[in-house]
Amino acid sequence: MDLDPYASMQVGMRVVRGVDWKWGSQDSGEGNVGTVVEIGRTGSPTTPDKTVVVQWDQGNRTNYRTGFQGAYDLLLYDNAQIGVRHPNIICDCCKKHGIRGMRWKCKMCFDYDLCTQCYMNNKHDLSHAFERYETAHSQPVLVSPRQNLTRITLKGTFQGAKVVRGPDWEWGNQDGGEGKTGRVVDIRGWDVETGRSVASVTWSDGTTNVYRVGHKGKVDLKCTVEASGGFYYKEHLPKLGKPAELQRKESTDRHPFQHGDKVKCLLDIDILREMQEGHGGWNPKMAEFIGQTGTVHRITDRGDVRVQFNSETRWTFHPGALTKLNTFWVGDVVRVIDDMETVKRFQPGHGEWTDEMAPTLGHIGKVIKVYGDGDLRVSVGDQSWTFNPACLTAYQRDEEANLMTTENAKESKSTLITVLEKLLSQKTESDHAGCLVIWAALNNAAKVRELLQKYPDKVDNKNQGRTALQIASYQGHLDVVKILLQAHATVNLRDEEGDTALHYAAFGNQADVARVLMAKGAGADLLNNAKCTALYVAVSQGFTEVVQALCELNCDVNLPDSHGDTPLHYAITADYKVIIEILTEVPNIDFTVQNCQGFNLLHYSALKGNKLAIKKILARARQLVDSKKEDGFTALHLAALNNHKEVAEILIKEGRCDVNVKNNRNQTPLHLAIIQGHVGLVQLLVSEGSDVNAEDEDGDTAMHIALERQQLMSVLMEKREGEMGSSLFSKLQASGFLGNVELNVGTAIACYLAQEGADINYANHRGKSPLDLITDGRIVQIIKDFSQKFREQQVSSDCSAITCSLRRVHTTPNTMTNLSVSSVAVPTECLVCSELALLIHFFPCQHSIVCEECSRRMKKCIKCQVTITKKLKRDSTEVECSPSSESTDQRKLMEELQNRYRQMEERITCPICIDDQIKLVFQCGHGSCPDCSTALTVCPICRQAIRERIQIFV
């Protein structure tokens, strides 16, 4: 009897490509999701046993191996669609009760479970190993820690995707007709039967309905524009069709460490001590070896790891306490992990971390030096960085072509110089077709013409792998180029690297040659093996004249390289100002093009802090100013995170961006600036109207964040950020509240925020106020003093003072936020009733948007949702919130109900003790509680003799 009804494959499961995949882009690329719609059976000619048919979200439908021929083409991403649920198990991150789909249980922590979405979104400690439960009844499968593993972006029919009717559509013209598109607004379960199995879609005509995406194995939709559904770790997903018990045995047999592996323990002492119990035990001397590199000596029978640190010292460790250090050598191709927080944690003492390293995350590089302590110097693009080996993963050799194209360009140029040296060293006495390339290199036009007359069919002959046209184009021998073209040289002939003559002209900075080649039909948009156009080559070399020539000849400036970067992406990175100006003026440039990291050109400019690019892009595409990446980050978020203050000013003042825009974690730019301790940016954002009381996903305000990170930002305020830090510190010191207390960055920012109106009693989702996060009583009092100062200033200020002292709330056109406090007391339209009236001023948000009558019942500002603490009229008197007739009626009704309740209570309460209820009734009709009645002979109310006691139940 099968104890687990979900243990086998079922239609409806959601899958991604697996380890044995060999079917190219049938799934539309790695990371795309499909649905199992048919299970193979014995005797079927098209879908035999141990195969399944998958309907991919983007339309393809094909069968795949799930054990057939011993191969497994697919991985199971989600089985919530077939009803898998873990009753009474709560995800300790998102708090959802009854985890749907696979369950992930931490091996290090007591009773800690995650759902698939939280597990794949890097919740909890990445250095902890987990167990995977495919169903509520299956045996657990141990998986390695997520640390250092590559995450793959999940793509398909998810929230935000554009869809049309799909293969199982049976809903008539609900979509508005064949070919009409809709947008997915939500992925949900079908009642209590299944999870994440249907999609709510809003069609172009405005109607919204729910459609199957795996429910009962049906797929009603086809994705035309994919959306991101999160991430997944390929190594941690089960192979579809492989029995869980075999996968469990595989995970047990495949120990994460082998003899000779280089390892480190990177855990805190307290965590390590706790983990060591039952795994070799704890010895205080082990603390000395935390962070040191050791070598795996052997694996014990229990699976623990014996590590040798020097010739004499060996310790036994819990396997989950160790991190394997990849062994790399000069020339190895590596990938930098894409988790910024993990990299920041590993880099101290190993090259350190700088915000300029952020673009390397997830990118591929080459090891150019190995240091004695194991750290690596890695070339990524046109820069090199020192990395902790724990921040790198090995990269497959067959994918080396995806190395940053700028490195390829440099290598190509150096190779060309070598080729030229070889050509020029060859003898030219003999008269043969092979000499054509040599005479072209020597710029001997007469000899080239003579050879072409003798050997007209040899015009494309190669020497050292290059044609005469390619060499002449590189060197700028214009006359030779024209002669070769007149002799019908193949203008788009490629060399071994895929470069054409136009690529060679770009490499050689030959603008005139490029114009001649284009006039003769050279393909300006042809890609070489590194996925680079001639324009990209010219930009990467900084050759302004060639870039200008190619742009004038209408080449496509939007073509990306293998990393999705366009020529303008690279120009921004290299800060080639003239090239940036040229490219941004091209009429058909698309500023919305995203690279593989999801950065459009405005995002990328903000990330790099390129002021010129920001100004140029905003001048032509200001509508992008609040555009978001997949993670919800806007250009202002990126500028705030990376401390690009001048860029932030441009975005706010010239771009008129929304300073309170939130990312997917509900963080505003102000939150990010505080997280990084960027004092100057904090002051800028607050002065430009950032909401100091805005919540993030945890309910934390800016002040919560500043005080939560005060220990991490231990640098004294006056030593931080030069003049900006000193300026803020001086302002705070001038208040007289600080005394001799030394402020670090976090507490100084908190004081500043309190002075600017931040609510010091605001409770987050854990019920903690900012003051609850402070252990130093002196700091608590200082922050209270600054907060009190703000309140006193607001109360004492008159109408004109209020108007003058308001922070400028930055707004965007065509929204109701253009309403502002007028310095002249003239009637203004109320946002609620539309009557002309003198508007009421709200505190602390400073908005004036409604009249006195409409303001009386408001508890929160309808514009910013901040709780109103005070409402002032134009004459600075406070609005009296007198009760309306409706509230008076409600109060009267409440009083009447209270009177009735008291009367009912009196009827059933014992008249003697007035505590207990009447449970015994006498023949006269009165009564008492049982305890009081025992001593009674006459009724205490009517004085009649008690002859009978009747028990009642109230």
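Using the three backbone atoms N, Cα and C, a Cβ is placed for every residue, glycine included.
Taken from Swiss-Prot, the feature Zn(2+) 1 binding site applies to C91, C94, C115, C118. The Zn(2+) 2 binding site annotation in Swiss-Prot covers C106, C109, H124, H128. Under the heading domain 'MIB/HERC2 2', Swiss-Prot lists 149-227, citing sequence analysis as support. The repeat 'ANK 1' annotation in Swiss-Prot covers 464-493. Look at Swiss-Prot and you will find 497-526 tagged as repeat 'ANK 2'. If you look up Swiss-Prot, you'll see 530-559 marked as repeat 'ANK 3'. For 563-591, the entry in Swiss-Prot reads repeat 'ANK 4'. For 597-626, the entry in Swiss-Prot reads repeat 'ANK 5'. Sequence annotations record features per position, and here Swiss-Prot assigns repeat 'ANK 6' to 631-661. What Swiss-Prot lists as repeat 'ANK 7' is 665-694. What Swiss-Prot records for 698-726 is repeat 'ANK 8'. As annotated by Swiss-Prot, repeat 'ANK 9' applies to 766-795. Residues annotated as zinc finger in Swiss-Prot: 86-138, 830-865, 910-943.
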Legend entry - C91 (Zn(2+) 1 binding site) versus H128 (Zn(2+) 2 binding site) - Cα distance in angstrom: 16
Inset, instruction - Would you find the one among the binding-site residues C91, C94, C118 whose Cβ has the most company, meaning other Cβ atoms within 10 Å? - result: C91
Inset, instruction - Just name the winner among C106, C109, C115 (the binding-site residues) by count of other CB atoms within 10 A of its CB. - result: C115
Inset, instruction - Run through the Cβ atoms and count how many others sit within 10 Å of the one on H124 (Zn(2+) 2 binding site). - result: 19
Legend entry - Other parts of the chain folded back onto the repeat 'ANK 2' (497-526), taken as Cβ under 8 Å at six or more residues beyond its ends: 409, 412-413, 416, 466-467, 469-476, 478, 481-482, 485, 489, 491, 532-535, 537-538, 541, 543, 545-546, 548-550, 553-556, 559
Inset, instruction - Specify the secondary structure state of C106 (Zn(2+) 2 binding site) as given by DSSP, simplified to three classes. - result: strand
Inset, instruction - Pop the Cα-Cα gap between C109 (Zn(2+) 2 binding site) and C94 (Zn(2+) 1 binding site) into the table, whole Å please. - result: 17
Inset, instruction - Just give the helix, strand and coil counts over the zinc finger (910-943), going by DSSP. - result: 4 helix, 7 strand, 23 coil
Inset, instruction - On the DSSP side of things, how many residues of the repeat 'ANK 7' (665-694) fall into helix, strand and coil, could you say? - result: 17 helix, 0 strand, 13 coil
Inset, instruction - Starting from the Zn(2+) 2 site formed by C106, C109, H124, H128, give every other residue of that chain whose CB sits within 8 Å of the mean position of their CB atoms, in sequence order. - result: K107, M108, Y112, D125, F130
Legend entry - Whole-number Å value for how far C115 (Zn(2+) 1 binding site) lies from C109 (Zn(2+) 2 binding site) (Cα to Cα): 16
Inset, instruction - For the repeat 'ANK 3' (530-559), provide the mean pLDDT of the predicted model. - result: 91
Inset, instruction - Calculate the distance in Å between the alpha carbons (Cα) of C91 (Zn(2+) 1 binding site) and H124 (Zn(2+) 2 binding site), and round it to a whole number. - result: 11
Legend entry - C-beta crowding around H128 (Zn(2+) 2 binding site), within 10 angstroms: 19
Legend entry - Spatial separation of C118 (Zn(2+) 1 binding site) from H124 (Zn(2+) 2 binding site) - C-alpha basis, Å: 9
